[in-house]
Amino acid sequence: GTSRRIPQTIIIGVRKGGTRALLEMLDIHPNIVVAATEVHFFDWDENYVKGIDWYRSLMPFSYGNQITIEKTPGYFTAPQAPERIHDMNSSIKLLLILRDPTERVISDYTQVYYNRVESHKPVQLFEDIVIKNGALNTKYKAIQRSLYDVHMEKWLKHFNLDQIHIVDGNTLIKDPLPELQKVEKFLNLPSRIMSSNFYFNQTKGFYCIRSDGRERCLHESKGRPHPVVNNTVLEQLYSYFREHNAKFYRMVNHSFDWH
């Protein structure tokens, strides 16, 4: 009685916002099934040309009463993704998880830093990438990805605001349950995720998942220590994002506790 179905919900981003944590936590819910990998269907042209049947073939088997969810953090910042997703299903529900944009930039850098170290490639200090000739390097991709208002504007051309639920990534890590209950409500699902599904792992410094008699924590690549960033550079980032954040808050009728 199961079949592979096109997702009814997509986690569209943002990169280093907590998409993996959100997906794994939602996977606790009996009415949710999740795609195992990031599909990159709507943001990578070489995948998009393979067509919708190829996309469907990568989805998990599900029952009629279950919601299929895939997550690809690159969708949020990909200019072509909103229109492509809308063409597939104009009434789809989208999940967007965001965190403080400056923290997201540092986390983005941290991931690339460790990847380069593991591949024995040269690395640069955070400050040397973020500051060029004494000024903020606003062309740095990690900074561009944190301009939430710029990207959101493209999504709101194709979707109503009530189709996009924003999850607070900073809150999800500190206290997962309230954020997940809001998602259950947004997806019109019965409340099944409980506080007993989580326990705080002192060693890792974040919540791990307990479900079906099993315990699991996010991959060791998650929660890596961030570099200590020069205060002047931090202030420059906070200052740069302030106006963009204010614009984003107005756009979504909601403010966040960001710098």
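Every residue, even glycine, has its Cβ placed from backbone N, Cα and C.
Pulled from TrEMBL:
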type	residues	note
DOMAIN	7-245	domain 'Sulfotransferase'
BINDING	Lys16, Gly17, Gly18, Thr19, Arg20, Arg99, Ser107, Tyr207, Lys222, Gly223, Arg224, Pro225, His226	3'-phosphoadenylyl sulfate binding site
ACT_SITE	Lys16	active site, for sulfotransferase activity
DISULFID	Cys208-Cys217	disulfide bond
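Note on the domain 'Sulfotransferase' (7-245): mean pLDDT across this stretch is 95. Straight-line distance linking the Cα atoms of Lys16 (3'-phosphoadenylyl sulfate binding site) and Cys217 (disulfide bond), rounded to a whole number, equals 17 Å. His226 (3'-phosphoadenylyl sulfate binding site) counts 13 other C-beta atoms within 10 Å of its own C-beta, drawing on all protein chains shown. Cα of Cys208 (disulfide bond) to Cα of Arg20 (3'-phosphoadenylyl sulfate binding site): a distance of 12 Å.
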